[in-house]
Amino acid sequence: MNAPLGGIWLWLPLLLTWLTPEVNSSWWYMRATGGSSRVMCDNVPGLVSSQRQLCHRHPDVMRAISQGVAEWTAECQHQFRQHRWNCNTLDRDHSLFGRVLLRSSRESAFVYAISSAGVVFAITRACSQGEVKSCSCDPKKMGSAKDSKGIFDWGGCSDNIDYGIKFARAFVDAKERKGKDARALMNLHNNRAGRKAVKRFLKQECKCHGVSGSCTLRTCWLAMADFRKTGDYLWRKYNGAIQVVMNQDGTGFTVANERFKKPTKNDLVYFENSPDYCIRDREAGSLGTAGRVCNLTSRGMDSCEVMCCGRGYDTSHVTRMTKCGCKFHWCCAVRCQDCLEALDVHTCKAPKNADWTTPT
């Protein structure tokens with residue numbers, strides 16, 4: 001009896017290592033490094049060799065990616081603004097989000113998708129703006145073409161989204177491709193879903209040419225939609241994310257519940273249920289909801305009942321300066337007065353034990 005138990009204890013550390021992802025630094029931290037490309041490439045912890053090579057070889061692309069981090073994190077925070085976990089970032093943490101993304105949850109799925117989408121968007125935009133030496137406008141969009149409105153000429157600058165997707169796949173997926181575990185496959189799937197989401201909203205824009213504004217000739221180009229459209233789309237995918245398990249040969253997924261539909265390449269997938277994010281929990285990486293503003297009249301996720309997890313709330317009476325009495329003056333200005341507005345602000349109470357908790 002002792003021998004089998006001894007064998008179990010011997011293998012337990014290896015089993016836990018396989019099941020639990022390591023707290024790794026990430027290219028997400030590029031936002032915080034700043035400085036020259038060489039400084040950035042050499043000082044972002046956790047980049048694998050192929051990522052560092054791309055970083056040194058394409059400093060202009062890296063600048064676009066690092067500037068784009070702020071954009072997709074802001075979009076993540078916008079989408080989660082009314083939820084207990086609000087996509088808060090930790091400036092001093094190399095993983096940007098701390099331990100909360102160690103869990104293979106819906107939130108992890110969304111962050112990987114929106115970050116991958118953000119890289120595509122940032123690179124493609126930089127190409128169109130002439131900020132990247134290795135790419136420019138889409139070279140395939142030349143000559144004449146036809147759509148439902150008739151013949152048109154490709155002109156202007158079509159966003160070269162294929163280059164953005166190709167570079168994003170090579171850079172973002174590099175670390176995950178070195179892994180063989182379930183979490184690596186989950187991240188790769190959600191990375192791809194994010195890239196596809198940006199391309200989904202590529203739209204054709206046209207300009208008419210002719211006498212008195214007639215559309216005798218049309219010049220058209222392809223342009224990415226505002227990143228908010230991608231964020232809204234991925235938010236819907238987050239709410240419909242599909243829980244999966246690894247298949248028997250370890251090469252893909254199968255649904256965790258046979259009542260679920262099989263995930264497509266556009267869906268987000270996750271393995272583990274999310275924590276409730278109610279209290280500060282060091283192991284889960286949760287900051288809790290103590291002090292968060294809640295909506296007393298809402299019945300949604302931002303309601304005081306849901307946001308505060310039943311702990312109650314404090315009410316503060318505050319005043320703020322607002323614009324009032326606005327009038328339109330010909331021509332062409334709107335003039336307003338500054339008014340003081342009194343309002344009540346409701347914030348979630350802290351739990352009785354407000355310190356970090358460690359689950360037993």
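Easy rule for this one: first residue shown is 1, then count along the chain.
Cβ atoms are placed via backbone N, Cα and C, with glycine included.
Quantities reported herein were computed from a predicted structural model and do not represent experimental measurements.
If you look up Swiss-Prot, you'll see Cys76-Cys87 (among others) marked as disulfide bond, on the strength of similarity to another entry. In the shown protein chains, 21 other C-beta atoms lie within 10 A of the C-beta of Cys87 (disulfide bond).
Within 10 Å of the C-beta atom of Cys135 (disulfide bond) sit 23 other C-beta atoms, taking all shown protein chains into account. Residues annotated as disulfide bond in Swiss-Prot, with similarity to another entry given as evidence: Cys127-Cys135 (among others).
Counting every protein chain shown, the Cβ of Cys157 (disulfide bond) has 16 other Cβ atoms within 10 Å. Among the features that Swiss-Prot reports, disulfide bond is placed at Cys137-Cys157 (among others).
According to Swiss-Prot, the feature disulfide bond maps to Cys206-Cys220 (among others). Take the CB of Cys206 (disulfide bond) and look out to 10 A: across all protein chains shown you find 16 other CB atoms.
What Swiss-Prot lists as disulfide bond is Cys208-Cys215 (among others), and the listing cites similarity to another entry. Sequence-distant contacts of Cys215 (disulfide bond), defined as residues of its own chain at least six apart whose C-beta falls under 8 angstroms from its C-beta, comprise Cys208, His209.
Cys309 (disulfide bond) falls within neither a helix nor a strand when secondary structure is assigned with DSSP, and so counts as coil. Under the heading disulfide bond, Swiss-Prot lists Cys278-Cys309 (among others), citing similarity to another entry as support.
Per Swiss-Prot, the feature disulfide bond maps to Cys294-Cys304 (among others); the stated evidence is similarity to another entry. Under the DSSP three-state reduction, Cys304 (disulfide bond) is assigned to helix. Using a 10 Å radius centred on the Cβ of Cys304 (disulfide bond) and all shown protein chains, the other Cβ atoms total 22.
The feature disulfide bond is assigned by Swiss-Prot to Cys308-Cys348 (among others). Under DSSP, Cys348 (disulfide bond) is assigned to a strand (E or B) in the three-state scheme.
In sequence order, Met321, Thr322, Lys323, Cys324, Gly325 constitute the residues six or more apart from Cys339 (disulfide bond) in its chain with CB-CB distances below 8 Å. Summarising the annotation, Swiss-Prot assigns disulfide bond to Cys324-Cys339 (among others) and lists similarity to another entry as the type of evidence.
Annotation comment: Swiss-Prot describes Cys326-Cys336 (among others) as disulfide bond, evidence class similarity to another entry. Around Cys336 (disulfide bond), the same-chain residues six or more apart in sequence whose CB sits under 8 Å from its CB are Lys323, Cys324, Gly325, Cys326, Lys327, listed in sequence order.
In the three-state DSSP reading, Cys331 (disulfide bond) counts as coil. The feature disulfide bond is assigned by Swiss-Prot to Cys331-Cys332 (among others).
Annotated N-linked glycosylation site per Swiss-Prot: Asn295, in sequence order, evidence recorded as sequence analysis. The Cβ of Asn295 (N-linked glycosylation site) has 15 other Cβ atoms within 10 Å, all protein chains considered. DSSP assigns Asn295 (N-linked glycosylation site) to a strand.
The Cβ of Ser212 (O-palmitoleoyl serine) lies under 8 Å from the Cβ of no residue that sits 6+ residues away along the same chain. According to DSSP, Ser212 (O-palmitoleoyl serine) is assigned to a helical segment. If you look up Swiss-Prot, you'll see Ser212 marked as O-palmitoleoyl serine, on the strength of similarity to another entry.
Residues or ranges marked as signal peptide in Swiss-Prot (evidence: sequence analysis): 1-25.
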If you measure from the C-alpha of Cys157 (disulfide bond), which of the disulfide-bonded residues Cys278, Cys309, Cys332 fall inside 10 Å?
none
Which one is it, among the disulfide-bonded residues Cys76, Cys135, Cys220, Cys331, that lies nearest to Cys308 (disulfide bond) by Cα separation?
Cys76
Where the distance is taken from Cα to Cα, which of the disulfide-bonded residues Cys135, Cys137, Cys294, Cys348 turns out closest to Cys309 (disulfide bond)?
Cys348
State the Cα to Cα distance, in Å, between Cys76 (disulfide bond) and Cys304 (disulfide bond), rounded to an integer.
22
Fewest other C-beta atoms within 10 angstroms, as judged across Cys76, Cys278, Cys294, Cys331, Cys348, which are the disulfide-bonded residues:
Cys331
Can you grab the distance from Cys304 (disulfide bond) over to Cys348 (disulfide bond)? Cα atoms, rounded to a whole Å.
7
